[in-house]
Amino acid sequence: METLQMGLLSRSALFKYIIIFLIMINTRGYVLASQEQEAKTSVPEERQVGVTQNKIMTAQYECYQKIMQEPAHGKEGQFCNRTWDGWLCWGDVAAGIISEQRCPDYFQDFDPSEKVTKECGKNGHWFRHPDSNRTWTNYTRCNTFTHEKVKTALNLYYLTIIGHGLSIASLLISLGIFFYFKNLSCQRITLHKNLFFSFVCNSIITIISLSAVANNQALVATNPVICKISQFIHLYLMGCNYFWMLCEGIYLHTLIVVAVFAEKQHLMWYYLLGWGFPLIPACIHAVARSLYYNDNCWISSETHLLYIIHGPICAALLVNLFFLLNIVRVLITKLKVTHQAESNLYMKAVRATLILVPLLGIEFVLFPWKPEGRIAEEIYDYVMHILMHYQGLLVATIFCFFNGEVQAVLKRHWNQYRIQFGSFAHSEGLRSASYTVSSISEIQGTTYTHDYSEHSNGKNCHDMENVFFKTEKQYM
């Protein structure tokens, strides 16, 4: 019995030695091949080759273990023996059958969603290529669409850069308008400024991350701490975007639904929510990522740890949606007896925020359901990139450029500019008439803002909330 056990142990040890020997042979071949190109290979390429070698050697070791440990083919008839083709492991296959499996991820130009095929001939032997007369596996589909995918990736990259560039330009113009025209200053506009500034910062860090980190394989390979810090800042600022949107919803809800406390609003709480709270999920994600999924530069999206960031954002969007729907309910029931102009003024502000919430949140609704198939996946990528990277432009357009107050102020100052610099100097009568019309339109356009002025935190606020205090008195 002892002799039998010794024999079994020796046999097991022998199998292990055979596996190690085969791996050493392949490793030596890889090392010799890489040494021939050493003078021409850069450090990042060597690192990539090393990663590829490790993946192949691991797959080879597991394949040889599987070959020796699995029971023999027990079915009748001819079949092709299990084998390792150099990249993938193939089990026993009945004669006349074409076996297939996913493409490996060893190489950057290989698409793991495509299929590899290996044909077992009717004679029970693996297919041999007619040119080389050697057993052959069909890997051609793995990189058939590589050129198209590289082209798509470049298009998405430029689409992203252009989107954030347009967002930065439009947001800076909007901030310039809000800061230059002092009669627009009020608490609501202050919230707009912070929201816009968070989007500007997010767009800047995104462009830096894409151009200096994601597009720089050498930097990703070295995995410096600075690239992880940039990813941390990026995720933090992304959270700030959505929590400042929540601040917009809370402010409107407090102003309209809880109007009794409207004069007691303190912006400090909004600053803590908009700039402070997103630090919590960002820090938790950073710690969890470093412990459980510490990939290079934290750029991989193939981890559920991202829900640490996305979860609070989705919660903020849902809360905001509830606030805005409640605001609409209050406006419909409370403002029926007020003037139509005042009701419309409120509805415009609420409508702007109500439109933005689903538009900014749809990416997190669609994120888990990425479709399968090359064309469907490509369409999905384009739609998601537009929704994600043109948000700043969308926010600036809805909250500033389409804002009636902003348009009225710009139009008034433009008319004053034309009059001041003699746009109608060719006719004294026309200039006088134009000045009269401009003055009348100015008075009419500012009746709403100048009739009810509010002093909030020492600032004269010509804003729609002034109207609300007047309408509230009708219910008291």
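Glycine too: its Cβ is placed from the backbone N, Cα and C atoms.
Under the heading signal peptide, Swiss-Prot lists 1-33.
Taken from Swiss-Prot, the feature topological domain 'Extracellular' covers 34-154 (among others), and the record attributes it to a curator's inference. Helix, strand and coil counts under DSSP for the topological domain 'Extracellular' (34-154) come to 46 helix, 23 strand, 52 coil.
Sequence annotations record features per position, and here Swiss-Prot assigns disulfide bond to Cys63-Cys89 (among others).
As annotated by Swiss-Prot, disulfide bond applies to Cys80-Cys120 (among others), with the evidence given as similarity to another entry. For Cys80 (disulfide bond), the same-chain residues lying six or more positions away in sequence with a CB closer than 8 A to its CB are Trp90, Asp92, Val93, Ala94, Ala95, Cys120, Gly121, Gly124, His125, Trp126.
Positions annotated as N-linked glycosylation site by Swiss-Prot, on the basis of sequence analysis: Asn81 (among others).
Taking all protein chains in view, 23 other C-beta atoms sit within 10 angstroms of the C-beta of Cys142 (disulfide bond). Sequence annotations record features per position, and here Swiss-Prot assigns disulfide bond to Cys103-Cys142 (among others) based on similarity to another entry.
Other C-beta atoms found within 10 angstroms of the C-beta of Asn133 (N-linked glycosylation site) number 8, with every protein chain shown included. As annotated by Swiss-Prot, N-linked glycosylation site applies to Asn133 (among others).
The Cβ neighbour count for Asn138 (N-linked glycosylation site), using a 10 Å radius over every protein chain in view, is 15. Annotation source Swiss-Prot lists N-linked glycosylation site at Asn138 (among others), citing sequence analysis.
What Swiss-Prot records for 155-179 (among others) is transmembrane segment, and it gives similarity to another entry as the kind of evidence. Within its own chain, the transmembrane segment (155-179) is flanked in space by residues 185, 189, 192-193, 196-197, 199-200, 203-204, 206-207, 210-211, 215, 381-382, 385-386, 389-393, 395-397, 399-401, 406, 410, which lie at least six positions past its ends and keep a Cβ under 8 Å from the stretch.
Across the topological domain 'Cytoplasmic' (180-190), DSSP assigns 8 helix, 0 strand, 3 coil. According to Swiss-Prot, the topological domain 'Cytoplasmic' annotation covers 180-190 (among others), on the basis of a curator's inference.
Residues or ranges marked as transmembrane segment by Swiss-Prot: 191-213 (among others). Long-range neighbours of the transmembrane segment (191-213) within the same chain, counting only residues 6 or more positions beyond its ends whose Cβ lies under 8 Å from a Cβ of the stretch, are 157, 160-161, 164-165, 167-168, 171-172, 174-175, 178-179, 219-220, 227, 230-231, 233-234, 237-238, 240-241, 244-245, 247-248, 251, 267, 270-271, 274-275, 297, 299, 389, 391-392, 395-396, 399-400.
As annotated by Swiss-Prot, topological domain 'Extracellular' applies to 214-224 (among others).
For 225-253 (among others), the entry in Swiss-Prot reads transmembrane segment.
In the predicted model, residues of the topological domain 'Cytoplasmic' (254-267) average a pLDDT of 69. Summarising the annotation, Swiss-Prot assigns topological domain 'Cytoplasmic' to 254-267 (among others).
Residues 191, 194-195, 198, 228, 232, 235-237, 239-240, 243-244, 246-247, 250-251, 305-306, 308-309, 311-312 of the same chain sit 6 or more residues outside the transmembrane segment (268-288) yet have a Cβ under 8 Å from a Cβ within it. Per Swiss-Prot, the feature transmembrane segment maps to 268-288 (among others); the stated evidence is similarity to another entry.
Residues annotated as topological domain 'Extracellular' in Swiss-Prot: 289-304 (among others). Non-local neighbours of the topological domain 'Extracellular' (289-304) in the same chain are 213-214, 219-221, 223, 227-228, 231-232; each lies 6+ residues outside the stretch with a CB under 8 Å from one of its CB atoms.
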Candidate nearest Asn133 (N-linked glycosylation site) in space, where candidates are the recorded positions Asn81, Cys103, Cys142 and distance is Cα-Cα: Asn81
Rounded distance in angstrom between the Cα atoms of Cys142 (disulfide bond) and Cys89 (disulfide bond): 16
Residue counts (helix, strand, coil, in that order) that DSSP gives for the topological domain 'Extracellular' (367-381): 8 helix, 0 strand, 7 coil
Rounded inter-Cα distance in Å - Cys89 (disulfide bond), Asn138 (N-linked glycosylation site): 13
Residue distribution over DSSP helix, strand and coil in the topological domain 'Extracellular' (214-224): 7 helix, 0 strand, 4 coil
Helix, strand and coil counts within the topological domain 'Extracellular' (289-304) (DSSP): 8 helix, 0 strand, 8 coil
Separation of alpha carbons, Cys63 (disulfide bond) and Cys103 (disulfide bond) (Å): 16
Cβ contacts under 8 Å made by the topological domain 'Extracellular' (367-381) with residues that lie 6+ beyond its boundaries: 113, 145, 152, 156, 310
